[in-house]
């Protein structure tokens, strides 16, 4: 970045108050004016360069904006005070004459604030042209105003007064302002941090040596040596060195001329002409040095930008190479087959997984067309999907299955999900696809479908078998039960034969119950169980179930109790036969496994208008390792060959199936203090019993 005029104070330090800036402008303008007037007194009423305006303008460009107009006023007052102190003019005359300098400062300030909002930077061509135009416009206006004041006040006017005023103010702006803006605290600090290079000092010494050779003698016109030396310094040290060299050349040339030394003294003309020649020389040096400095600064910025761009390009290239290596490694390691192919199907890239997925190496596939391998029956679907993706940018990708030929001629199933890559204009240029061999999955799906068909056929066969068994087994069993009842009730039957008949009756009853259990379980398992929910008197149903096991309970001297929650509706909508079947199964098991104590039938309201029925006994309970299998088919608490209690192990499984079918659940919990709790919950909303009187 080139040198610029900061518009605020440095961030690392607190801002300088506006009053300090105003006082600085006052003192700087007074000192510069006094120096210029001293020079004019020595040189015969002419100052070759006027630095006061340049110094005040530099301070204004560095000061905060609110203080700048006040700095113009203070700079103007400093000039008036210095002129009055040197008794050049009376104070009123000085105030009138130096108002031209204030107008010049105001013009420069307003134009620079408008045209260079980022700050004045002499290394930018546009800023340099704006500043160059100001060095002409501002001094021209100032010289015209001063000429008008001199004429109006009748002050003595030396020859060439307008030209001398114009050129000296222009030289002050051209020579002093760039040098002061270059010598900023930030720039000096950066120079100090990186150190002054030997080359910088050598070039500075070279310029001073040339200046000394030119201005310490008055015999040879060697002014032509200074511009090349100054340009050389600018090439070596940049805009910073060029601006400082220009200021040094101006100071030395003006000082030597005042002292009567240097090539200017060789001019056989009046002092006015010599001053004009000196001003022209300084103007030529400024005009040749500042554009060169700007061009060099621009070149350096371009070189820096080029280096940064090159570093970025190198970094991006390395990142791209690393990314390519990563993606190539991923493609090489992927178990699925990755393909890139053109819209017409020609394969551009195939990952190494093609050997395992399709049986072909990448070299065998690249350059060939997808159509060469796809089954003809599947081609229309793939073409339709590809056209859909190409024609609609927002089209969703959907997996598609097709058959492809393997090296041995067999057709295997593949799954693909292509995506389209487009150019900047949105035109499809290629497809990127991932393919996997799903032949094993398709075979498994076919086997599963066949298994479903077989299972359906087996279910039909089972239903037919159970229907046949229901008729063929229950009919003779009904006869056996009927005749055994007649034999048991016959008074002519001897006692021994009656016992035999009772055994037959018991065995036939057990077999009948087993057949009923098998049929119920089959209906539950196949989902063909039909329920008949109706308004049911719940206390009556529970009491009847309890009475069915009372004789067996009294034989064991067990206490039977029925407990119904008063909040429970008396009439509920439920399938009474199935609910009684569940409750009776729980009660039968409880009486069977309880040696002493009690069996309680407890009914309460559960959450969601559900009925909860619990059978609580004081028996031995269920071992913890057997609880999880209680409600599984053919499960027994005691599976040993010496078990005391019989049964097929279907009762509890049927109870759970019935409870689930009735919108509930069945389960087991250990009773506090020992024993078991078998429970079921079923949907049982409150209902109203319909009688013949109300019908």
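Using the three backbone atoms N, Cα and C, a Cβ is placed for every residue, glycine included.
What TrEMBL says about a protein is an automatic prediction, not a curated fact.
Features of the protein shown, as given by TrEMBL:
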TRANSMEM  44-62  transmembrane segment
TRANSMEM  69-89  transmembrane segment
TRANSMEM  128-150  transmembrane segment
TRANSMEM  162-183  transmembrane segment
TRANSMEM  246-269  transmembrane segment
TRANSMEM  275-297  transmembrane segment
COILED    299-326  coiled coil
DOMAIN    323-393  domain 'PAS'
DOMAIN    398-450  domain 'PAC'
DOMAIN    468-686  domain 'Histidine kinase'
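Residues 39, 42-43, 48-49, 171, 175-176, 178-179, 207-208, 211-212, 214-223, 226, 230, 275, 277-278, 281-282, 285-286, 289-290 of the same chain lie 6 or more positions beyond the ends of the transmembrane segment (246-269) yet place their CB under 8 Å from a CB of it. Summarised by DSSP class, the composition of the domain 'PAC' (398-450) is 12 helix, 26 strand, 15 coil. Secondary structure of the domain 'PAS' (323-393) per DSSP, as helix, strand and coil residue counts: 35 helix, 12 strand, 24 coil.
For the domain 'Histidine kinase' (468-686), the model's pLDDT averages out at 82.
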